[in-house]
Amino acid sequence: MAKTLAEKVWDAHVVRKGDGEGANAQPDLLYIDLHLVHEVTSPQAFEGLRLAGRKLRRPDLTIATEDHNTPTLDIDKPIADLTSRTQIQTLRNNCEEFGVRLHSLGDAEQGIVHVVGPQLGLTQPGMTVVCGDSHTSTHGAFGALAMGIGTSEVEHVMATQTLSLKPFKTMAINVEGTLRPGVTAKDIILAVIAKIGTGGGQGYVLEYRGAAIRALSMDARMTICNMSIEAGARAGMVAPDETTYAYMSGRPHAPQGAEWDAAVDYWNTLRTDEDAVFDVEVDLDANTLEPFVTWGTNPGQGVSLSAKVPSPEDFGDENAKAAAERALQYMGLAAGTPMKEIRVDTVFLGSCTNSRIEDLRAAADIVRGREKDPKVRMLVVPGSARVRLEAEAEGLDKVFKDFGAEWRFAGCSMCLGMNPDQLEPGERCASTSNRNFEGRQGKGGRTHLVSPVVAAATAVRGTLSSPSDLDPAPASAALTTDAA
Amino acid sequence: MEKFTTHTGIGVPLRQSNVDTDQIIPAVYLKRITRTGFEDALFSAWRKDPSFILNQEPFNVGSVLVAGPDFGTGSSREHAVWALKDYGFRAVLSSRFADIFRGNSGKQGLLAAQVAQDDIELIWKTLENAPGTEVTVDLASKTVTCGNVVAPFEIDDYTRWRLLEGLDDIGLTLQHEEDITAYEATRPSFKPLTLPARTS
């Protein structure tokens, strides 16, 4: 029978077929190939193992890093926040006790868990990947079935290396055409979420398809899959191809020699069959897409950057109308205001959505040779220590510092403000992260989700801006490019 | 896990869609390493507003939350479920739940009952007209009763059965440990191991 990519990966991991219909019918039990662990959602799971006298079944399929709580300044000093310090110390103790590989703050492989897995080559096509973090969907960019789970499920995977999973439905997101300059993967996914809504993907695994997706790099595909959860989806996937293999080749944990050949033979089978049927198909035209930005307090509340802040009256549904009213009030915005007239206080370039080397390069290309709006604070937080080193080798740190941005150490940082990187009440931020929820980046903070190039252009002008709004950079800017 | 068969308690109308997990429990409370003691964290930002529903009697002692669509969106934090339970909620009613939140609820004995939005509207009206009205959620018959409103709710069969029996998920899976071991023997050798560690 013809199958979609997601169904193929699912079927290859069934340890025990479910009991079918019936009041106590167990669902399929799936094997988990890789379990990523961080300090926030794991302490209670490790404690659960201890209390039940259970072992960690597969330390060799488990890896941990410190990311949510870690400071992005003064990383050589003890963590100032005592509860953060305790949580990180707890992870270190647990990893030692249970034999888990851990990349701690200060280690060259430390960083955001969803940046670390792929860069080590541990995320590979056709795998099942889980983590106690909703943005685990990131790893779907490789053609893996990757899902965020709660702490009870973290403990379940630790004890059994499996999960009992309810069957999912499949949705194709077809993005045909070619993106225009200044329009990026982030704009694709923000437009998808605005189109299907924050609940549109509930119960579905999304597969991103079409010419515009095939043309994207791995970093860009990860940005798209990362935000699948913002549409409510269980997971998002892109079928592996030559772009995937080129990214994987030579990475520390990529297969080598004959193993590589065997792996590629298998990976080549991981395509949705031509006659397979998706439960739902959604089309998006890349040719007409513009830079996209959110105006509200959920990721579905987005518009083109050239549009105006919508009015609650624009929404037919009563719940959507009420949500819009509330969002405008929280965001301190008046309906009808052009998005490009909105002034920001802070620009945040970072998070598991947009903190990879290409994101930093794209933003650096915009700010190089330009001056930052003096009233705007800009934070650049690489996704991992490795990304930071790579960027520094290319001179990107200097570009950002010359521009007036702060160059930080790796971590989740201001995406969720568990560390000191937070917005003040009422402060407005153009952020390359994934959630514009009330208070997400700091109590009372106001978030507009944007792409890295929009973030960079906004830091120049001080108002939400696309690169095409900028005056040409001074000719001398070209000279600094040579350093890269 | 504690059994859930039926529960009756004061209903709390939360007329809001997209109640995300950052609202249910802000990230700052996620630094704790315990599984209990999160009652102060529940809706902590909203509870600073005196007009918020949980700051009004008798809703402050409610145990059945009746929310708008897309409840529990966003983060995978199970702390959201712990906070609801620690505060005293035993059930949440909504026309749509985020998948991870729904799964987490099922593991922790918090009933996430999917009720049609039309019925949610009727329950909201009942609770607003007569604050303190109790809501009964009966898992065996999959019905919710509030005043004159009797509505069916949906929940997947397997979660329902586990809740009714109070069964531990890990224990159930470990009954199939031989299947897991047999599967492991068939995994291709090109699949990566995290140990021994290799770095760039």
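In case you wondered, yes, glycine gets a Cβ from its N, Cα and C as well.
Annotated by TrEMBL as region 'Disordered', the relevant range among A:133-154, A:309-330, A:441-462, A:463-484 is A:463-484. Among the candidates A:C352, A:C429, the residue that TrEMBL annotates alongside A:C412, A:C415 as binding [4Fe-4S] cluster is A:C352. Look at the Cβ of each of the binding-site residues A:C352, A:C412, A:C415 and count the other Cβ atoms within 10 Å; the largest number goes with A:C412. Each residue in A:D67, A:H68, A:I112, A:H135, A:G350, A:S351, A:T353, A:S355, A:G383, A:G411, A:S413, A:L416, A:S433, A:N434 lies on the same chain as A:C352, A:C412, A:C415 and has a C-beta within 8 Å of the C-beta centroid of that [4Fe-4S] cluster site, without being one of the site residues.
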